[in-house]
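*Asks:* Can you read through this structure? Questions will come right after.
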Amino acid sequence: MSEHELRVSKIRDGTVIDHVEGGQALNVLAILGIDGSEGFGVSVGMNVPSDRLGRKDIVKVEDRELSQSEVDVLSLIAPEATINIVRDFEVVEKNRVTRPDSVTGVLSCPNRNCITNADEPIETRFDVVADGVRCDYCATILRTDIADHIDV
Amino acid sequence: MRQDHLITATQLSRDDIEAVLDRARAVADAPAAYADRHAGRVLALCFFEPSTRTRMSFDSAAKRLGMDTIDMGDVDSSSVSKGESLSDTVRVIEGYADALVLRHPSEGAATLAGERVDVPVVNAGDGAGQHPSQTLLDLHTIREDHGLDDLTIGIMGDLKYGRTVHSLAAALTEFDASQHFISPESLRLPRSVRFDLHETGAQIREDDELEPVLDELDVLYVTRIQKERFPDENEYHRVAGEYQIDAETLETAADDLTVMHPLPRVDEIAPDVDETDHARYFEQAHNGIPVRMALLDTLLENATPDGDGGAEVDR
């Protein structure tokens, strides 16, 4: 690999989240609850040229293999994402994200009058519906601006 | 009905609704047979928002089943004003009562309460969300006049924030009903209600005027347009005036049109309508008693391990 091509170095072990829509990498980390304090090596590439997406983001998390259920929630903001599990520099598993049935504790409800926005000991819970997500408590539907409501 | 709680009208099947309404009719026909049915049991009235008729209606219904009621009183004088969460409040009250009626200003409050306690919870209004017990008495009133199938209903007024509208519209999808929604543009149905109606394939139509659809209607359900929904008072007066009816408005209506209103009304139905054969809103309010008796009876029966059908309850 030449100097010009090298943007983010390969990792030995861990998870590479590729084909993330440009600009969503930090939201991906937020949803996964990774803020650097865990001690994993984290590399982020943003707005990298991509044949498929034009521009894409890439997130690499070293020494941690993310499970399918952990990454499926990413489908809400990065439906094209691919998840590569890497062991000893080799990709041993490659998966797409699939839409989960529901999302717990990741999003905040945009309805200010929803009980989840009152001072209650409660985790938000959204059902995934045809073209968005729906609050289990107040039934508000969130469609296009999901990334604006990430609350983790 | 095999349910623990009544939180939203969307949880009710046609069978659930008909079972409660059949029981309500039986209660109305022979109230004495139900007088001691739940003696020794206690209903907690938890109203975090002002209410007169819903609170009194549940209070009366419970007492006519032989129950006692306890009332947490005004929010200002309760522990809520000290900052206690709803979750804690209902957990505490659960220990004092066999069922709980909740009204709260936040949407989703009853869902949360239902998750926190094991005794039956009835949603008596959660913000601009749902008010399913009102819907049951609305349906009872409609059924007595017209039946619930092959029905054309106009629902007029504040469709956006009107919780009675949201619940009624959802429940009517269980029947062969054509729904006309009549409101100003700014107070049309919220996306979530529209989504549910769309999912069920309900026949709906939206209009900003009553006149073109009035003669097709079996039922006209009027709701209040509240001043606080408008940033400008002049705009409120201009808009609200277009959704008021009087006896003259109804001259082109079918003779057997039923006019309903969840009450309280302000000026959206003129007093001269009271004298017409169309007016049914006071009977509608009175129907709250047998319907809420039937509802409480059903939920308490479901919650009793050795009650009729308690063993089949899916908890």
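For all residues, glycine too, the Cβ spot is worked out from N, Cα and C.
These came from TrEMBL, pasted as-is:
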BINDING   B:Arg53, B:Thr54, B:Arg103, B:His131, B:Gln134, B:Leu263, B:Pro264  carbamoyl phosphate binding site
BINDING   B:Lys82, B:Arg163, B:Arg224  L-aspartate binding site
DOMAIN    B:5-144  domain 'Aspartate/ornithine carbamoyltransferase carbamoyl-P binding'
DOMAIN    B:150-298  domain 'Aspartate/ornithine carbamoyltransferase Asp/Orn-binding'
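Could you place these features in context, so I can see how deep they sit and what lies close by?
*Replies:* Sequence-distant contacts of B:His131 (carbamoyl phosphate binding site), defined by Cβ-Cβ distance under 8 angstroms and a gap of at least six in the same chain, are B:Asn123, B:Ala124, B:Gly125, B:Arg163, B:Thr164, B:His166, B:Ser167, B:Pro262.
Secondary structure at B:Arg163 (L-aspartate binding site), taken from DSSP and collapsed to helix, strand or coil, is helix. The local packing around B:Arg163 (L-aspartate binding site), expressed as other Cβ atoms within 10 Å of its Cβ over all shown chains, amounts to 25.
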*Asks:* Quick one: largest C-alpha distance among B:Lys82, B:Arg163, B:Arg224, binding L-aspartate per the record, in angstrom?
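*Replies:* For the residues that bind L-aspartate, the greatest Cα distance is 33 Å.
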*Asks:* Sequence gap of 6 or more, C-beta under 8 Å: which same-chain residues meet both conditions with respect to B:Pro264 (carbamoyl phosphate binding site)?
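*Replies:* Same-chain residues close to B:Pro264 (carbamoyl phosphate binding site) (Cβ under 8 Å, separated by 6 or more) are B:Thr52, B:Arg53, B:Arg224.
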*Asks:* For the domain 'Aspartate/ornithine carbamoyltransferase carbamoyl-P binding' (B:5-144), jot down how many residues DSSP puts in helix, in strand and in coil.
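*Replies:* Grouping H, G, I as helix and E, B as strand yields 72 helix, 24 strand, 44 coil.
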*Asks:* Given the binding-site residues B:Arg53, B:Lys82, which one has the fewest other C-beta atoms within 10 angstroms of its C-beta?
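*Replies:* Looking at the binding-site residues B:Arg53, B:Lys82, the Cβ with the fewest others within 10 Å is that of B:Lys82.
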*Asks:* Could you say which of the binding-site residues B:Arg103, B:Arg224 has its Cβ with the most other Cβ atoms inside 10 Å?
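*Replies:* It comes out as B:Arg103.
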